[in-house]
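Features of the protein shown, as given by TrEMBL:
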DOMAIN    44-153  domain 'Type I restriction enzyme R protein N-terminal'
Amino acid sequence: MKEVLFKEKFPQLNLPECNPRITEEEGRLLIFDSIRKKHLVLTPEEWVRQHWIYFLVEKNQYPKGLLVTERGLTYNKLQKRTDILVRNQEGAAYLLVECKAPNVPINQKTVDQAAIYHFKLKSNFLILSNGFSHIFLKYDFSKNQFLQEKNLPKAPFSH
């Protein structure tokens, strides 16, 4: 893929640069997922997801072993997949990251989709991101509502 086309489809995001391992196989670009330990087809959404994994693990000390990507769940007989799920040390859902491609706006549809995942998993935090815009939400279980936060929550462990 020509570099200009690559940068258009996979732009520099509003996240730390992660220098992912990208290879080409049978005319398709693949990106290495360090959580699943395998190469995946590089899509714009996967580009955002891999940047978030890097940001959580390498820049914010989230333990890699607590991250799960593309976890399946069922909601109203529909199969859904969370982009990134971070569990706490007890195994409960701590943080959900819903990733969209850079050209997809974060809107009410995105919030509704992430809320379905939250409803099933009961996570403390949600992040909605297209790589450029990020919305950080904390769930207040006593008020049964999301509150917008300014920053990424701390990693789910105490020292």
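Backbone N, Cα and C define each Cβ position, glycine as well.
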Please work out the helix, strand and coil residue numbers for the domain 'Type I restriction enzyme R protein N-terminal' (44-153) from the DSSP assignment. 33 helix, 43 strand, 34 coil
Taking every residue in the domain 'Type I restriction enzyme R protein N-terminal' (44-153), what is their average pLDDT? 89
